[in-house]
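So the structure is just underneath, and the comments pick up after that.
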């Protein structure tokens, strides 16, 4: 009888524990579905949910709202949540611009292949050809990023490790980037618009090799189509630089955290190192998500930006004996090429440097290594193994990671090649 009573008591205890576990699961699931009210850096409340269908770009930080503002302003907002009626007008503008720009590219290629080479205008033809190709690739990439939802996945990964603390601390720099690209968009509109208007009134000599339409008055349609693609190109570069800097600020905040790890208790110090391992794993996941978005775009843009920059400088030096008005027209072209190259390389290089410095910062923290504690040492060595990933960063479609040595090598090759072209040009002229 005692044995039966003890067995029955054990069964009742097990049943009570199972009921409590089920209640905790139910409460936990309800809690996970409940909205979380948080404050952004400006003190404004917003509701955050973990589901993908309710995640918005502004939830990471309100500064990301400028991305949507720019896309909507130029009628290039093709977000997957927009309805067909909202996409009708942007799609019509996109189709019109791509068709006319494709025709213009085909016309220039036909002129270069079938007509005798015009030494005075071949540089401007090649320059405009590569520009339109870059703008078209940027426009298609911008749409594919929105339709695939890769932005949302990246921003969720960006927010998870440190809850946007690094972005909040770097808001001033991010706002400066926004202002710079607004100014660049204004310059593009003014430059292209002025050139189109002056060409209509024949105040600027437009070469016949660039007149793609039979009626010169209709040439403004092609210029309007190219202007739309150039604005999309500017927004694509803005997103590229903006997202890369946002991730850079998160990595910098993580580096500050591991530089300040210290505690006299071995158990708490080990917990902090294990927390740092978890944060680094999520950061590495975010870097790979960013690389998956931009690796093909970086490859295509860099492979076309280098010849474009060479053509622009060659156009400037080849017209050094021409009137100053022609030289002034070429200077903004060089500015656009240099800004494009720096936008593609400077931000990823900063991100690569911050990732590379993480291991050195962690190893220089003497509170972790001294005095020697076996548990802390094992956790620290495990974190060092996680930090030893040299291939983290934005790659050029897997060929190389964008870094400062790569930028220096590219500048050296461009300068050497430009010197050879100018030397051959001088020999031909003499």
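Just so you know, glycine gets a Cβ as well, placed from its N, Cα and C.
Positions annotated as transmembrane segment by TrEMBL: 87-110, 122-145, 177-198, 218-243, 297-317, 329-349, 406-424.
Using the rule of three or more Cβ pairs under 8 Å, pairs at least 6 apart in sequence, the transmembrane segment (122-145) is not in contact with the transmembrane segment (406-424). Against the transmembrane segment (177-198), the recorded stretches 87-110, 329-349, 406-424 differ in Cβ pairs under 8 Å, and the greatest number is found for 329-349. Within its own chain, the transmembrane segment (87-110) has Cβ neighbours under 8 Å at 75-78, 125, 128-129, 132-133, 135-136, 139, 143, 209-210, 212, 221-222, 224-226, 228-229, counting only residues six or more beyond its boundaries.
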